[in-house]
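> Sharing a structure below in structure tokens format, with a few things to ask.
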Ligand SMILES: Nc1ncnc2c1ncn2[C@@H]1O[C@H](COP(=O)(O)OP(=O)(O)OP(=O)(O)O)[C@@H](O)[C@H]1O
Ligand SMILES: [Zn+2]
Ligand SMILES: [Zn+2]
């Protein structure tokens, strides 16, 4: 008996939350599991498209159902738990189910449908068809590229059945296959073979001698025989023909750590505070308690050591662990530390990997070959089974919130998954988000503090330099006299310095020096802004995101300049003031190439430089024992932003970067240059008093009716026709408003801060609320409406807990 499955189809134009039912015939029904990717026919044309199996259908109705064409892989990339999670995620983030499923998978996994022309050679010759259309069109038909006369002729041929259109699907997820060779005979048989050879067949003899040394079970890669042993290709082929060796293509994982050495290390003995954090976590593991635990530990308090030992405990129990870090390519040190403890049991997922590497790491996880996954935001969907702990390091980081649909926060997803697995979620930070810290107050999270540094030293002393008074006493606008003096001292003492140029709030863009091309958003008429945290170019208006280019998109030149980082200029100024200082610059310009970030840090660690000069990317995670001075050149660039979290972000950044000083035996010092020395975010960062900051900021949020006192949701509407945009915004308001109580605050519809972008007008509605039980359904209705509006050209998006309201 054939089976039936419910499939969510991947048609971008048809954003749906409802699955369609398909039949799985006897040949494939046993290969299909919940989570499998399948190819199914869709629509009138029965175009083959990709879909995700989300459930089995058990009714007896087969009428009118179509067959599943094929299954894409024997072991599904998603499992039942993740399929269920996608349903929850769609509901929580007001996104369509298929966007959630796509967001969960590594980017490589996409299926493209191609059309080609099949020629009926009894009626028409291949030459005639090729003459009209050309080979490219015949193998990959793109009707929109044909002239009208070509289209007309083609349509006639189709009618006359001279040709037919066929579909092929191409899965972009490819395994890497390599040739492998195994010996087939035993030693005496090889001796026999050798005797049969002619005297001058020296190459064959040599090869036989190599074969005799091979491990029968393990075999050897063809590449190794050719390159390491210098065997000729034809000699090898003859050997295979003679039956001396058997050759097979085997799958090989692409290893993101290829060629890098790994030194295993050992547990450190925990100090008293670390021990109590560890005890709280391991107790929760024992009790299967999924209540999140906030670990508020000052910089350098040894939180990482606590994570590692907790993970070890989980592995001992035969379970797996998930460790999220802000954007892992920025914290290679963290990956190194995890791998030093757990070796090859670790898989890594982040945007710095190639698509192929990501795909392979993903499959290692699917096949239960790893125990620990370290990754950035989207790694929260890693298909680990039997999870025993989820840790979110630097839990306050804004990179955990995705700005495109599905607009999820990794913390919320982690908490949801942890409930399923009955395991603890550990949120770690020196400066927790207000959201998390306030949940501690309300008893929703457990809480433990680590107040002392692991080295038992005091936190570094922080001095604030009022730049209004020091303007002109230094050498230029970036360096005050005290800053220069302190840097000189360190260089004399052969200690190291970290200098940060705060770029938050500055817009940085990319220009080609050869042709002057500026990278702009494909949707809007604005230049894309560089984001160091996610290493992408982002459009601030539509949320479009793409990789930072290496070559000019216009002329292909590699002479690309990144404007606005300012670090280059500061580096020149430093060279004039302190010519003897050796400076390493770390910004998007110097870290574009894969692994460059890591190499720079390694060189700094080896004392190949005295000063590490960089943007925010140096604020997190660095742990260098000889850094005794941290200088912040400009603390306040972000304070002026119309962003409700401006103070919180500034406080977090300053505390983080200050924490890079004095982490080992030597005492650390921090200098902060600012034009706003009296601002509370700067004063409290100077005291490194998170708790004080928390209460002060909570008070202000309370006054302004902002998160975490109020929940927020932002509904945005855009259209080419301004009246349509506004009209639709009101229509959405009319769906939402009647469902709200008098306590909710509705702002808008108002035009966005830049209201017209590339012929499109933007309006938004912001809702602030505390308890509105009917709001959720109203927003789901808005989502449903958005599908209908999409066809009419209006775009509607819903962002729950937006990161900013601009
Ligand atoms: N129990 C311990 N005994 C000795 N050294 C320790 C201990 N725990 C941690 N350390 C060392 O202290 C330093 C700081 O630890 P770690 O980087 O884990 O702190 P952290 O809290 O994660 O810091 P941050 O939040 O600033 O990145 C590291 O060099 C680490 O090896
Ligand atoms: Zn845009
Ligand atoms: Zn160019």
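Each position is counted from 1, following the chain as shown.
Using N, Cα and C of the backbone, Cβ positions are placed for all residues, glycine too.
Because the structure is a prediction, the values reported are computed rather than measured.
Taken from TrEMBL, the feature Zn(2+) 1 binding site applies to 512, 515, 552, 555. Per TrEMBL, the feature Zn(2+) 2 binding site maps to 521, 524, 539, 542. Residues or ranges marked as domain 'Helicase ATP-binding' in TrEMBL: 284-450. According to TrEMBL, the domain 'Helicase C-terminal' annotation covers 547-701.
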> Can you list which of these binding-site residues (512, 515, 521, 552) have a Cβ closer than 6 Å to ligand 2?
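Checked binding-site residues vs ligand 2; flagged 521.
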> What three-state class does DSSP give residue 515 (Zn(2+) 1 binding site)?
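Once the DSSP labels are grouped into three classes, residue 515 (Zn(2+) 1 binding site) ends up as coil.
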> Measuring Cβ to any atom of ligand 3 with a strict under-6 Å cutoff, which of the binding-site residues 515, 521, 539, 552, 555 qualify?
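Checking each Cβ against ligand 3, the ones under 6 Å are 515, 552, 555.
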> Cβ atoms within 10 Å, counted per site: which of 515, 521 has the most, among these binding-site residues?
521
> Indicate the candidate from 512, 539, 555 with the smallest number of other Cβ atoms within 10 Å of its Cβ, considering only these binding-site residues.
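Fewest other Cβ atoms within 10 Å, among the binding-site residues 512, 539, 555, is found for 555.
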> How many whole Å apart are the CA atoms of residue 521 (Zn(2+) 2 binding site) and residue 512 (Zn(2+) 1 binding site)?
16
> List the Cα distance (Å, whole number) between residue 539 (Zn(2+) 2 binding site) and residue 552 (Zn(2+) 1 binding site).
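Answer for this pair: 18 Å between alpha carbons.
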> Could you tally the C-beta atoms, other than its own, that fall within 10 angstroms of the C-beta of residue 552 (Zn(2+) 1 binding site)?
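Counting Cβ neighbours of residue 552 (Zn(2+) 1 binding site) within 10 Å gives 21.
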> List, in sequence order, the residues of the same chain other than 512, 515, 552, 555 whose Cβ lies within 8 Å of the centroid of the Cβ atoms of the recorded Zn(2+) 1 site.
513, 514, 516, 517, 553, 554, 556, 557, 559, 560
> Report the mean pLDDT of the predicted model across the domain 'Helicase ATP-binding' (284-450), rounded to a whole number.
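PLDDT averaged over the stretch: 92.
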